[in-house]
């Protein structure tokens, strides 16, 4: 989907009297701590400091990535049809089960191609983020399909372990060897594409697992030919099903975290809150939220109290720098307000300037260690 579209960001700055910040589609961050990215921020400082970034994505070599995906898709489809025919003739469940796995591989590539196209559509109407989560929808569907297939093949493999049919070991071996060659080629093609997309990376991992499954199938074919131990075919099926289960669980887990708006894997919100609250000029941080719009696109929002004498606009820009350098997050919505006037007890008590804003705050309050 969005993986093949590489993005760059421009910086624009201006100062106005009073501003309101809104989070725009966050920038893709490959790891929790990548190198600082150039960002685009509109600075508004006076009383309230609201920061927001705007990412302008430009697809570079997306057509080349699509060609790699289409070539891999054609290879897998052609071989999958041949594998089903060979599995039926040889009565090999291992071949048929692996053809089912390849079906999910081809589906994941197809979904990735469709999602890449959808992701290029600009935000419009009620879709203020565009259709960037099409990638997550297709990845979760692919993961759920893997789990269903794994259950079916586990059941059938156990049944064949108890009552094994005759298997043509020679045909199984030949088909598996061809499958190894096809999957090596498909893996190489996908490795040339941009794998930062959850769909593309998922398809790559599926084909790689399929390669391992073909190796197991080839071994079972040799064993059947040399020893006549036909249960080896069912054992190979169990291995294929285990690989499906592992890949499917990983996809469902990762996509569910994004749909539930969990923090990016490896990022601890409490550590982020403490880091922000510990910056010079900060009295308190609350309503801190960090989530992913889609794989690798992180965003942060928070309400910050600036200490007495601090410039809200300058403090917001400093906190944005901290988020970029420490976490690689370039898209933020930070509301920065001056600490309540008086003896400073308001911040320590968690009392906000705007009682409507903080009528129902979410999460803990992170207070400056200097208070």
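Glycine too: its Cβ is placed from the backbone N, Cα and C atoms.
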The residue range that TrEMBL labels transmembrane segment, out of 141-158, 267-284, 285-302, 303-320, is 141-158
TrEMBL feature transmembrane segment, matched against 44-64, 170-190, maps to 170-190
Among 102-120, 121-139, TrEMBL marks as transmembrane the stretch 102-120
TrEMBL record, transmembrane segment, of the ranges 68-90, 321-343 the matching one is 68-90
Range annotated transmembrane segment in TrEMBL (choices 19-36, 235-252) is 235-252
When pLDDT is averaged across the domain 'Cation efflux protein cytoplasmic' (271-338), the result is 93
Outside the transmembrane segment (68-90), at least 6 residues beyond either end, the same-chain residues with a Cβ under 8 Å of its Cβ set are 96, 98-99, 102-103, 105-106, 109-110, 112-113, 167-168, 171-172, 174-175, 178-179, 182, 185-186, 189-190, 192-193, 200, 203, 207
Answer key: the stretch among 141-158, 170-190, 211-229 with most Cβ pairs under 8 A to the transmembrane segment (235-252) is 141-158
The answer for the transmembrane segment (211-229), taking Cβ pairs under 8 Å and residues 6+ beyond its ends, is 92, 94-95, 98, 101, 167, 169-177, 179-180, 183-184, 187, 235-236, 239-240, 243
